[in-house]
Amino acid sequence: MPELNIEEFKRRLSIFVGIVLAAVISISVWSIATEYRDILSEAEKTASGYAQALSEHTESAFAETDRVIKDLIHDIKMAGGAERIPQAELYELLRRQGGDSPQIGALFITGKNGIMFNNSQEYPPRQIDVSDREYFRHYLENPAADLYLSKPVMSRLVKRWRFNLIRPLNPPGTEFAGFLAVAFEVDYFKKFFTASSIGSHGRIAVFRTDGTPLVFEPYVHNIYGSNMRNSELFRIWLPSSPSGTFHASSSIIDKTPRIISYKRLSRFPAVAAVSLNRDDVLEPWTRKALLQGAVTFALCLVIVSLTRLMFRHLDRLNIAQTGLRSHQERLRIKAAQIDAANDAILQIDHEGRLVHFNQALCRMSGFSHDELTDMVLHDLEPPESVDHTKTNLLLAMRDGEAMFDAALLAKDGSSVPIEVHAHPMESGGGAFLLCIARDVRERKRSEMRELARLMILEKLATGAPLASLLDQIVYFVEQQIPGAIGSLLLADETGKRLLHGAAPSLPEEYNQAVHGLRIAQGMGSSGTAAHLRQPVIVDDITRHPYWKGFQPAREAGLRACWSQPVLSSDGELLGAFAVYHREPHSPDDRERALLESAAHLASIAIGRVRQEEEREHLEGQLRHIQRIEAIGQLAGGIAHDFNNLLTPIFCYADMIKRGLPQETPQAQMAESILKTAHKAKGLTQKLLSFGRRQRLNMQPLDLNEAIQSFHDILRCTIRENIAIRMNLAPGTAPVMADRGQIEQMLLNLAVNAQDAIKGNGTITINTGHVLLDDEYARLHPGMQPGPHILLAFADNGHGMDDETLSHIFEPFFTTKQVGHGTGLGLATVFGTVKQHEGYVAVESRVGKGTTFTIYLPAKAQTVSASAPEPKGNGSHPEHSVSSSTVLVVEDNRMVREMIVQMLKYAGYGVLVAPNPDEAYEIAQAAPYAFDLLLSDVIMPGMNGPELFERLQRLRPDLPVVFISGYTNEVKIHNCRLEEGGNFLPKPFTSEQLLRKVSQALSTSAGRAGVMFGGAGGA
């Protein structure tokens, strides 16, 4: 009770002292703040009074000066003008008028030419040119101006600062005739300024209303060259009120805080301002405030010191009682801590009796406190642990400490592994052993669990088979959970069913019963867990609706089932892990954690195996694509060389045919040669298509419309006992494509499907809009992500095996009999899709049919029907040969000689070069010796487009015709030959060559040649 009174007294004393301190400080602060406001208010009044006085004084001086100017102008006007008054008389007039006014420094007259021809300072007057002064320029720019206050300038006569009050000699609105000016002495205002009245840092100033300083005292360097229009006075205050007082936190001149009062003159465009330095104004207040603050602080310090002394005295009164109470509390807490500790703490005498122990020993052993009181240590030791424990306790007595593993015999007869920390102690003159025993059952289990987990991970790292890994995971759970029977089911490819994965301890009949279990709500623990993607715990199968009617579980003697879904790192369902019991049983937290750990290990194992399978699949796809690419390059090269061989055959056979009567056997033989060459040309076109070197006419195309338009042709081509079904996407399916190539691709696929169908069958054509994401494209090498149009071409024919699938896109590969097909149909499809920057995939199973899935990049463009290419009329166009010479550049000797022969036969002059370097030398020697360049595209060294680019520097108007065995939109070394240029693909006939040459010669020089994407050739 006394302690409570002392503490209460201290509390009340603290409150009282706090109130006193707050009152003292508040009174002091209020006094200082009041005086601060009073001083600033008085300063504002002072500044306002001085500003009023300065404005009145300035207005009076300006008015008096203006009166002098007006009188003089009147006198001059009465005399007929300044030029009519003699200079001496004019000088006297000026001197007499300005002599009585101290603010007037001088009077002067300036003519309209800017020459000051008379003044009141000297006679005879000097002729001074003031045309460079701003006040003269003001009147030149504003002839109608009246009174003007000029900027202060240093007088050229007396070397003092002056500003001028000026009026023009001419009446307003008439031609400028010069002006009469009074040089107003800036020093006139010095007598108005006294430091005692406005402070040592105070200032007075007179400004023009545009911010130009007229008077500024005390003088500041360069002040009269500045302008104050951006100051707070002219931006904010003057526009809102003609007079006022305000505080500026930072002066524009010296960055000091100011109290500024201003007043605008009523009759003149000027403002009078008085500026007080706020620091000067507050200096007396600051000294007084510091003194008063120091006194207040000292008083507060005295009060606080006395209070602390009193508190110290009161604290000493409680020291003894507080110490005793704290000691007793610590003893009580320690006793409670010992009793509540998880570790068993026991004190043993030399005979092994339990002198003292805590409740943890009761919990650990299962004996009550009373039962343990009558026991000795030997009663709690398993027989196999007695000698080990006795030895370690003797070591503790000898060495002062011992730590060892032992076992505790529980009431139920089980052995509890413990960790003992023992050291000797003395109490009441006797020797004892203090032992701390920790239950390490959970640690032992964790060590075993971690060891098993590391073994599983080691197997995983060494690439063990998936079945072995899954069995090991199931064994791991069965070892950790007494009576547990593990099972792991795997999700099938559709994600709709669970398949048997690992369950070594379950009967084979039960494993077969759950194989193919549907993933859905209510389909047992595993089917439901996989459906919900969360654990499902059924502690009694016989009473739970998920297991109603599932007889195999009862036959296997299963009563409880806990299931955990197995999910990948990105949430994909991989399967379900289940733990069964033969008795109703609910899992504790440890068992739930084990179930989650097992599911996680299973996820890692399945994921690793699937990644390995995916990697092998992608590597196989990549090798297949690389093989197709290599074959495509080879096929394109062969076709190119073959085109060079076909070109002379075409041309010579055509020339022979034209030179013979049509009914002769020789003409018919030439026609047969041409037909055979045309078939060979078609074969090379297919090879070039596979090698993606075929020329395309890319235009916006609606794939749906193209398929529908081509249906009749397909129907006529395919046998009548094969149905054609079309499931086209709603709306349009826009792509950029060559319509002819798309139709040829459809025809090839249809013929291929027809050959695969024996008897009746169905061909199904589907289209759709799909969006390919980055991950899907990554899993399919050669595919590009983004929006695509899908074309699926399916048949229900005999299908293909994996070996056949790996070769179907290779040229000349065919499963047909010899003589039935070229083996280029699907190779052409592959090349066409690749040229359209698409992707083609094939799915086929023997006896189940085949589906070709083609992805073409979608184009958000308006599609239209492709216009047919213009065809010639078959006759030679008219062309002039009288003066046309062709420079032929071709590295193939046979083709070169054939072209030269045809051109000469047609009447052209011919210059020949076997390579671009020799052609360039010919052009350098005689740039205008030829009228057309006829060049191959692909040649050793410099290619055709590079040669043409160099020749254009010599002949900008030179037309060109390119020829090439590559018939597509050729692209080599960043150069591009666009459709519509003068390009002739090999092989060609003499008629085609001569027509192209004639067209190029008839085209204007500014439009001859081809368009280039860059240097180099294709």
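Each Cβ is built from the backbone N, Cα and C atoms, and glycine gets one as well.
What TrEMBL records for 338-400 is domain 'PAS'. For 402-452, the entry in TrEMBL reads domain 'PAC'. Sequence annotations record features per position, and here TrEMBL assigns domain 'Response regulatory' to 885-1001. Here TrEMBL flags D936 as 4-aspartylphosphate.
With DSSP classes pooled into helix, strand and coil, the tally for the domain 'PAC' (402-452) is 12 helix, 31 strand, 8 coil. The helix, strand and coil residue counts that DSSP assigns across the domain 'PAS' (338-400) are 36 helix, 11 strand, 16 coil. The Cβ of the residue listed as '4-aspartylphosphate' lies under 8 Å from the Cβ of V889, E890, D891, N892, V895, G944, F962, I963, S964, each of these being in the same chain and 6 or more residues away along the sequence. Taking H, G and I as helix, E and B as strand and the rest as coil, DSSP gives the domain 'Response regulatory' (885-1001) the counts 46 helix, 27 strand, 44 coil. Model confidence over the domain 'Response regulatory' (885-1001) is summarised by a mean pLDDT of 82.
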